[in-house]
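I have placed the structure first, in the form of structure tokens, so that the comments after it can refer back to it.
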């Protein structure tokens, strides 16, 4: 059985597979957001601490388990203890959930990639209205990039209840995305091993091109200064450390079973310790590198918006007060505004609602993550570049490579336990098993191509796996250290790499990493249940709707409880308190969290 197991061609191929899986969209669209929210360059301090205390030890543990047991997640944990088979099953289920919605990002990337060959780019300007006498009103109230994303790409519905129909263009893109994934995994490591060279290396080529271009853009330095200026007071904020630990945990893809599956195809003597260090360092370095690229682009966009705002105010004042051209500049604008206010108080008061308060700092403070950063902010910056089609093709092709690379790991986590099963593998060839898994995921994934599909995407992305993964990895560490035994695990490592783990690894595995995972678990459990209802960002401008699954849970299952006062009760306010950078029929989407009464 062991001799016939497929193997990677060489250790480098395994490293590329792990990098392709770990370095994903989160490095590009979440890490820069966390830097922006939690202290700029100061965020690197808790991030590096969590990398050492959590990231590298847990990555090493999963690689060692997979390489030693030479099985997928179900088989590996069953060997450690027959009672731990459920840990592997849980990993497969979570990976299946992730695969259902994650590949829709690749579908969106395909959609934007195909439209990137148009001149001009379809999100460069607002479309004309039906009478062709002006632009679409919704687009004029927001921006052309937001309109293209929310209306022309998603055709988003007002709420989750208004599910709408499947968008056939998005359904075709999703089918294409799954077809590409299927072709990549068709022959197991023989095909995946070749693909990972491209999916792991090409994004770096594009990032380097974007770095060179970004650093030459006007205003890029403003974004870089914003990023690297440390706000050390954020180190006193517990959420800063929680966010750093969470980013490390999910960026490396721990708990899904993908790393165990990849490591199971290694030679038994492979130096998994060295590879764990290499992969974790490359992953974290990529996050910082991608942030430099992102903030250079972000600085360009913020500067462009700020200067456009200044020019509009200048033009407005020149026309309103019949001033000489050249008398108003960005340097003397504030002084001239004070002068005009004092000299023409009535006229200026009538004009005041149209005079915007332009601020570069406010532009830079606008925090965006996820699809908003990937498909709106970058699109906004790209359309203002020279040769925008070229940079658009490069960017969305990079997103596609990052997404497909992650999907190779997700599908490996599902397929490896299935192909390891004698019952399944003896009846069906690997190609059929892979095809069935991809087909089922594609069919279920059509829900994310409906008009309410983006709401389902956000719900799955926010709530489907977080607590499950934390619990899975916690059980993994306890199982290895206290059920299988740390001394027995030491002997296994000595057999594989010729030396036992030092005190650092053992302390992290046995004490520090489990305590960190427990802390994260308590934080998210508290955040989900005690401090707020599960929510999704609704299309309506002024309300947040309670997730119906949570409402059903409260009203049905908990109705048998004598005392449910420990559960939070919320009401939907008329006016929100916290604005989220999203688009909602021309108005900022309002997200509100706070206890005011009962629903």
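Even glycines carry a Cβ here, placed using N, Cα and C.
Among the candidates 243, 251, 359, the one that TrEMBL lists alongside 22, 23, 27, 283, 402, 406 as binding Na(+) is 251. Close to the recorded Na(+) site, the chain also has 19, 21, 24, 25, 26, 252, 253, 286, 287, 405: residues not among 22, 23, 27, 251, 283, 402, 406 whose Cβ is within 8 Å of the site's Cβ mean position.
Residue 27 (Na(+) binding site) counts 25 other C-beta atoms within 10 Å of its own C-beta, drawing on all protein chains shown.
Within the same chain, residues at least six positions away from residue 283 (Na(+) binding site) with a Cβ under 8 Å of its Cβ are 19, 22, 23, 27, 55, 251, 252. DSSP assigns residue 23 (Na(+) binding site) to coil in the three-state reduction, placing it in neither a helix nor a strand. Around residue 402 (Na(+) binding site), the C-beta neighbours below 8 angstroms that are at least 6 residues distant in the chain are 23, 24, 25, 27, 28, 199, 203. Listed in sequence order, 20, 21, 24, 25, 102, 253 are the same-chain residues at least 6 apart in sequence whose CB falls under 8 Å from the CB of residue 406 (Na(+) binding site).
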